[in-house]
Amino acid sequence: ELGCLFPLCGGSFRPDPDLPVCLEQTVLVWIPLGFLWLCAPWHLISLCKRTQVKHKSKLYLFKQLVVSLLLLTAIAGLAVTLGEDYGPHSSSEKNSPVYYTNPVLFAVTWVNVHLCVEAVRRRERAVDSTTLFLFWLLLVLCDIFPFQTLLRQALKVRDIPRFSLFNISFGLEVIALILSAVADVSREDQELIKKNPEAGAAFISRITFNWFNSMVMKGFKQSLVQEDMWELNEVETTAHISESFQQHVRSELGKARVRFQKTLKKRVVKNALQEETSQTGFTNSMGKGVSQDVLMMEDKKKNKDEKKKKEEKSYPSDWLIMSIYKTFKWILIESAVFKLLQDLLAFVSPQLLKMMISFTQKPSSYDWEGYLYAVLLLVVALLQSLFLQQYFQRCFVLGMKVRTAIMAAVYKKALVMSNDNRKESTVGETVNLMSADAQRFNDVTNFIHLLWSCPLQIVISIAFLWIELGPSVLAGLAVMVLMVPINGLLANKARKLQVENMKFKDKRLKIMNEMLNGIKILKLFAWEPSFQAQVEGIRGEELKVMRKFAYLTSVSTFVFSCAPALVSLATFAVFVGVSPDNVLTAEKAFTSISLFNILRFPLAMLPMLIASIVQVKKPQHFLFMYTHQTYNNLICSFTTDINSAVSICDGSYAWERDAEPFLKNLSLDIKPGRLVAVVGAVGSGKSSLMSALLGEMHCTKGFINIQGSLAFVPQQAWIQNATLRDNILFGSPYEDKKFQNVIEACALGPDLKLLAAGDLTEIGEKGINLSGGQKQRVSLARAAYSQADIYLLDDPLSAVDAHVGKHIFDKVIGPNGILKNKTRILVTHGISFLPFVDEVVVLVDGRVSEFGSYKSLRASKGAFSEFLDTYAKEHSNQSCAQTVDTEDLEFMPDGDDTQPDFPPEDAVSFTLKRENSIRRSQRGGSVRLRKNSTLKVTEKAGETKKGQRLIEKEAMETGHVKFSVYLQYLRAMGWGYSVWVLIIYFIQNVAFIGQNLWLSDWTNDATVYYNKTYPASMRDSRVGVFGALGVAQGLFVFLGTLLLANASINASRIMHSQLLNNILRVPMIFFDTTPIGRVVNRFAKDIFTVDEAIPQSFRSWLLCLLGVLGTLFVICLATPFFAIIIVPLAVIYYFVQRFYVATSRQLRRLDSVSRSPIYSHFGETVSGLSVIRAYKHQERFLKHNEITIDENLKSVYPWIVSNRWLAIRLESLGNLVVFFAALFAVISRETIDSGLVGLSISYALNVTQTLNWLVRMTSELETNIVAVERVSEYCEIENEAEWVAQHRPPENWPQAGRLQFIDYKVRYRPELDLVLKGITCDITSSEKIGIVGRTGAGKSSLTNCLFRIIEAAEGHILIDDIDIATIGLHDLRNNITIIPQDPVLFSGTLRMNLDPFDKFSDENIWRVLELSHLKDYITGLEEGLQHEVAEGGENLSVGQRQLLCLARALLRKSRILILDEATAAVDLETDNLIQNTIRREFSHCTVLTIAHRLHSIMDSSRVMVLDAGKIVEFDSPNNLLEKRGHFYSMAKDAGISQQTVTSL
């Protein structure tokens, strides 16, 4: 029997620390072996599975060799025992059983280890085994005790064989331990590990995050770029996460639906009956092929609106949380275990501290006890750090995964969103859901475990405190509990303020956004001051709220910083005051203080946690809204009836679920391969018909049957931010010949020549660098390339020029086009195309009024022929009623729905639109490209500079932030403020240290008055001073925070004013080359950072820095030796910090850079939904979304790891500080009093966290201060000329309105060619001048020069003999008027849009509105002039907007008017109104018209023809026609002849 175990030998402590031998031989052997036996089955199971056999590495063979040798030692040990007991020299006294059991146990274990090592080799992608490493570690640790026992007896060894065997096996175990710490990477996995080092990290590397070193080194040496990022682990990829999340969502939603259905049934039995009757009719009409499912969906949809309110309550809201939980439950459980271990270990340190103090007080105790405590403190702290970092790693990765899952889910839902949903939530809101709300989930999941961990910590600390101080703890606790509601109140108030602040912020950004979008208008009308004042006003309000908020924060900081002082004051005062026997000893005081420090965190966190969990509700509702209604309400029953491609049976379709149907009782039958035109007046439902065919509308009855795949060309082309080629291929493989054919057919060839990189040119967001016509043709090319069966073409010809339209009709759509064998449904306004289509559908008010061939409809004398005739009469005076032949085919611009089929000459003149760059002459379709035209002909300033990039990539700051930036911020804060803040915070820190020194002095009273009564006066003075110092701290913090708040608001105000002031004075060219988003970002994110993040991180950084310095000071005060250690620690700290900050900052930047593509791709998808769905490309877009999110995760994941990498290194440093503080206290325990020991160690225990924070704050401050740099970068852009110069023009200048150009030359940017190459002309007072020229001839540049949007390179412009370059910009721009091409309105009242400076009276404004034919409309509005215009004027029609712009011009009534003629946006009616008003009202003014339709300038006094920046002809229209030069050929293209002019 193992009797030696029971009487544990040597009961007393010995001066040399050692364990009894019998314990070493039993318990210490069993611990590691037991551990292995528990873990072995898991390894052995994997041996049974068949896996492909991997290559045996050298490392593996070496491990097996060591284990074999160990097996031999075990057998040898057994042999020795047997030899001693039963051999020839055996004595009568037999060996104890332990000498038999141990070798046998070991032998069996080694065999087991053999198998485990083999099992690890077979596991997929395993590089080492955690359990085996821990087993070797335990074994070596447990064998250290017998090893040192044997070493001490080494001189008098009695048992040589066992001694040597033990040493051999101990040596082998150490080797095995080292081997098991090395990763064993198989050849197969080597490639993978290059891409992702984490996969090849061994256990030690995994827990210390050593595998991350290479990234940190790289980031320190050079700036990281996206290409440096490692591949993600399989489990972290979007596809994997999203897949598992979707599965759980499906099952959870299923359950939730069932629950919901039950509640619904009870409630809606009556409704259900009524539904039933209507449903049956519905079902019959639908025929077979509709699953019950769809009916259920329909059913639910009908009920949805009545029950919207009830539904939110009744619909089980926990499905989202449940799905998240089920998807990620293992990570959750693991992290919970780590958190629990860490929480429990946190309470071990105060107990060790207590033992340590009592050790210093008892001179009789042995030295080794002290050293043991010091080592234990280190071990506990290290374990705590390891557990904590593993917990954080898991939590942050979980947060990242949840965010990913939600983003992927939102995207997926967006692809199936029904139209009503799209109405309910704007693109902005959905993008917001993806960014902000997913992020919120991320933040909550990071801290989700605190929900149970906080209460646990609170309970345990109270228990320990009770043991220390008895009931007087309740006093301290009461103070803490009182703090919670106060904090809660403050937090509540703060939240209200923040909501208010967000309102102002949104308002300010909305205005900023509009200003930047309409900046050209602001400049042309000289309206900047008005808008600047508006923004400054809102900003003022915002700063008021911010100031309130800052004061609140300082109050809560005061409360928070007073809390620890007050709590310890209350506790100790009560403790000492309750009874004279209670004496405050060092152990009691410092153990309690370190426990109170533990308590502080959970009490502060709980209210915050609860608040942030409340905010998570939103995405849940939103996702639910999506899942609830998906788009395809289109019910296609596929009958076998092949003879029709598209048929609609008695269908009615509504835009919203319960709205009146917009399309009523439609029946259509279209045979395969036909070309069908759809015509009708504006609003007759042409586009709606397309939407119905695509399944985007709600079917209220009937059904649609479509045979084959669809391609769709929407009315407004949808262009992706990709290369031109990708836009056309749209996911199909590239075939050169086919591609070239499509390009040729869609007339894109000449355009490609103009683009810098041909078809590989990158196209900006929303197709920003293409003209309208080009976009439309790209959209058409996409359809043509897609090889679908059925083509839905929604007016693709409206945005292109006449002859281009004709070309496209011939080559693509028409009877001889490349689509001639496909079914084509063409919505068109080009009446001249109708004779060539197979059938015409005429829509009137959402009904099909006629359907048949062109001839039969003309003959039937129905509505169709009627509206053809009415318009034909107007042109009866045109002699030539030509027969229409394909050569002369022309078409109508958008908006002239009801146009006659009159001879083409005229139709064209309406459509000589500006947008399009290339004109094809009708003869032979050859392309006229001017020889001298350079590549820089796009008229706007969007030249493709530097090859294919239109827009420079945003400069990403790299490397250090210059010190000057910090100084700049301090300067904005004000030097006086800055200095005072520093001084006050410093005093506060001094008070803090003073308080604690006083406490340690107080605890020494316990030894002085040992066994004596403690004088009451002494007690009162102790408590009094302690309390006073505590309150002083709080007050100083309060003061400091107040000052800092004022200072930072000062800084915010100054920086925003400078930025705004400068941006409004920047020349136009800047806005043409900088995406607006980038500028808005400065006003949004960067100003937000300056407002909120910088002051906060600045304050935290200051407090942390002072805290760390204070701690080191106190420890040095207690144990001066410690000063020696500070230097090496500081050096290590500095390096770790520099490495980390460099890498972390770049990872953050990469994160934000790679995040925006996610949102822009999302926004793009939502705006192009109908196209994506029509082509059935949802899968491809989902894939693309996954790839973009993955790219982002590739920088998020390393960032998370970099934080852990840092934390584990810093915490080890902090733990060393604790260790050395304890060690030196033990060494110098003779000279030091116990109070100081307690003080220095309890300080040291706190320093770990503070150190970590200091680095985090430094890096945060560095990251945030970049905002100051970015703002100041935009504050220093060069400005345009003065708004008001010294030389001011006379009061009512210009009186005559004479214009002279003298050898005028201009270029857009210094490095580019001239756009206007020496223009000289003289325009007399009140002349009417038409300016024509092909795209790129310099027409728009001319107006830009008049307003000095671009400054002259040489030459002058004189208005009434004053050189415009000598006067201020506002003097100039206020005195000439322009009616711009695209009508830009700003959100605000109608009145503000006409007269932002309130210069004019209401009568004036009404008079002007009457002249511009808007009076009736506006009197009809409830608010009249105060009617709110939506953003960009969305709530007015394009025509109305154009008329408002006319009203603006009439209101200013200046002598010079420039009319940049609107493109096809305006229907003919509006156009005539505008023309007539201008002729009448501006008869005495000089009017320059930039014409796109020659038609409108035929009555002008002179016409200026520009070509390539020069005036080529300048004379009256008639003379020019007789000349037969440039103008004549343009007129001929437009079908204008002499006789037309005379008739005009």
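Here the Cβ of each residue, glycine as well, is placed from N, Cα and C on the backbone.
Taken from TrEMBL, the feature transmembrane segment applies to 27-48, 60-80, 100-120, 132-151, 163-185, 370-388, 447-467, 473-492, 549-578, 598-616, 1023-1045, 1102-1135 (among others). The domain 'ABC transmembrane type-1' annotation in TrEMBL covers 335-615, 979-1263. The annotation domain 'ABC transporter' is assigned in TrEMBL to 646-870, 1299-1533.
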Per-residue pLDDT averaged over the domain 'ABC transporter' (1299-1533), given as an integer: 83
Contact call for the transmembrane segment (27-48) against the transmembrane segment (163-185), three or more Cβ pairs under 8 Å: no
Beyond the flanks of the transmembrane segment (100-120) by 6 or more, those residues with Cβ under 8 Å of it: 2, 25, 29, 33, 36-37, 40, 43-44, 46-47, 60, 63-64, 67-68, 70-71, 73-75, 77-78, 81, 126, 128-129, 131-132, 135, 184
Stretch with greatest number of CB pairs under 8 Å, the transmembrane segment (60-80) reference, 132-151, 163-185, 370-388, 447-467, 1023-1045 candidates: 163-185
Long-range neighbours of the transmembrane segment (163-185), counting only residues six or more past its ends (CB under 8 A): 57, 59-60, 62-63, 66-67, 69-70, 73-74, 76-77, 80, 120-121, 127-129, 132-133, 136-137, 139-140, 143, 146-147, 150, 154, 157, 193, 200-205
Same-chain residue ranges lying at least 6 outside the transmembrane segment (132-151) that approach it to Cβ under 8 Å: 18-19, 21, 24-25, 28-29, 31-32, 35-36, 39, 113, 116-117, 120, 157, 163, 166-167, 170, 173-174, 176-177, 180-181, 202-204
Contact ranking winner - 335-615, 646-870, 979-1263 against the domain 'ABC transporter' (1299-1533), Cβ under 8 Å: 335-615
Cβ-Cβ under 8 Å with the transmembrane segment (447-467): same-chain residues at least 6 beyond its ends: 332, 335-336, 339-340, 343-344, 346-347, 350-351, 391, 395, 473, 476-477, 571, 591-592, 595-596, 598-599, 601-603, 605-606, 609, 612
